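Below is the structure I would like to discuss, written out as structure tokens.
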Amino acid sequence: MDWGTELWDQFEVLERHTQWGLDLLDRYVKFVKERTEVEQAYAKQLRSLVKKYLPKRPAKDDPESKFSQQQSFVQILQEVNDFAGQRELVAENLSVRVCLELTKYSQEMKQERKMHFQEGRRAQQQLENGFKQLENSKRKFERDCREAEKAAQTAERLDQDINATKADVEKAKQQAHLRSHMAEESKNEYAAQLQRFNRDQAHFYFSQMPQIFDKLQDMDERRATRLGAGYGLLSEAELEVVPIIAKCLEGMKVAANAVDPKNDSHVLIELHKSGFARPGDVEFEDFSQPMNRAPSDSSLGTPSDGRPELRGPGRSRTKRWPFGKKNKPRPPPLSPLGGPVPSALPNGPPSPRSGRDPLAILSEISKSVKPRLASFRSLRGSRGTVVTEDFSHLPPEQQRKRLQQQLEERSRELQKEVDQREALKKMKDVYEKTPQMGDPASLEPQIAETLSNIERLKLEVQKYEAWLAEAESRVLSNRGDSLSRHARPPDPPASAPPDSSSNSASQDTKESSEEPPSEESQDTPIYTEFDEDFEEEPTSPIGHCVAIYHFEGSSEGTISMAEGEDLSLMEEDKGDGWTRVRRKEGGEGYVPTSYLRVTLN
């Protein structure tokens, strides 16, 4: 079935239908264009989302990147980013294959449709013109027939009239004959025009217009076929990216399955294991025994100058709780009259170690002086922490790992330089054997530079090996101390009832007479409590300073210095007016901050 046969009289219907088909094509192109914009906006938002949640720091500088949870999350973000790329690819394919192609095809269809309908309208106009000519010839024939009949009647009337002259009769007959001849010619013209119109009309309805309608049908069917193919491109663009999107989803699933809680726990241990030994048992302090508060009493273990005796390194104890914050030294205690203790300097800041009474000294120390281990500074993240080359600012375990990393890096660099030196030597030998390939002397600067780098890296490797050995020994020592303390059972407290103080005193006297006094028995519990305040691991200086004025350093915890003396800065002023320094010949202590000119590293 075709339009030329079945719809020969539906010219306007076909015109509306073909216009609707082209409008539908344009609507689909517009839909795909907006769909492309949606895909592009979706991909852009996905990329922005991924960029927002990706780690800002490089993986090598981000400790969190070592955890499988973080790695899986980053992998999921990367898969989402790849997914966004596939959405962009869908948008690009739709834009090129559908929007551009169908827009161009729609313009071609509009031109073809316009041409066909112009041809049909010309045929209609020609047929209408033929019909008008037929009508004109018909009216002329009708008019001529009436005129001929009228002339014949007039001639017949004059012929019968006896009063009419012979000349009038002849004239009337001639006029009737002329009119009859004109009517005959009009008849022949009308018949010819009618025959011509019928032929044109048959050609119009049976040949010309059916051909035009068939062309319109073919055009519309081609348009519909192309539109259906455009519908298919919409799904094909999606199907093309389905395998990649499936891989993205599979990658997300793999990332989800890659989360390893046990490994993350192990990584946390590797990152933050300090290597410190666990705290030992808290010693029992017996306050039931009478104590003499005189400064000269030797039972307190206080020297005659009023300074408490510091315990040696072999008797140091582990810190009780390494995670507590260190407080700044408190102001000096008040005198019995309520005022501050006089300073050793007339115009200087108050001394951090004032007073001569041992118990007052110990009370002041326990309130003002806190442990200053370098490793504990790193745990609390103090602003005064100084990053040293040997990583001594880190806990022992972390120091060992960082030193191991540095040693491996230096070893790789050393091997690279050695390989480069060997390659340069081989190239030099080739140049010497075949001078046309190059000048051997041109390689001397590179060889010399490589040798210099090798020597430098060897020294660095030796340096890091020594530091690593020291750090490993410290870690092993801490582990051994911790295990030995853990294995040793705690000492039972030697407490006595309040009403048996005399018996306890006599028993102590008896035991002391039977056993020789030892170094450990001479240390009373009150000194055991404060020995950790005096024991510090050696730390690296954070700067240097020069003494502007002379300072005697007669108070407890201070150190003397001469005007112009160079000192190492060990700890900055915490706001109390005192700074801890170290002398070149040894010895550390506090001096007034206003007496120094400080330069930080």
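Glycine residues also receive a Cβ, built from the backbone N, Cα and C atoms like all the rest.
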If Swiss-Prot marks one of Ser299, Ser304, Ser477 as phosphoserine, which residue does it mark?
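Going through Ser299, Ser304, Ser477 one by one, Swiss-Prot annotates Ser299 as phosphoserine.
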If Swiss-Prot marks one of Ser288, Ser296, Ser368, Ser392 as phosphoserine, which residue does it mark?
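Per Swiss-Prot, phosphoserine applies to Ser296.
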Can you tell which of Ser335, Ser540 Swiss-Prot marks as phosphoserine?
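Matching Ser335, Ser540 against Swiss-Prot annotations yields Ser335.
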Can you name the far-off residues of the same chain, 6+ from the ends of the compositional bias 'Basic and acidic residues' (407-420), with a Cβ under 8 Å from a Cβ of it?
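Contacts of the compositional bias 'Basic and acidic residues' (407-420) (Cβ under 8 Å, skipping residues fewer than 6 from its ends): 450, 453-454, 457-458, 460-461, 464-465, 468.
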Give me the DSSP three-state residue breakdown of the region 'Interaction with WAS' (544-601), ordered helix, strand, coil.
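DSSP classes over the region 'Interaction with WAS' (544-601) add up to 3 helix, 28 strand, 27 coil.
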What average pLDDT is reported by the model for the domain 'F-BAR' (1-264)?
90
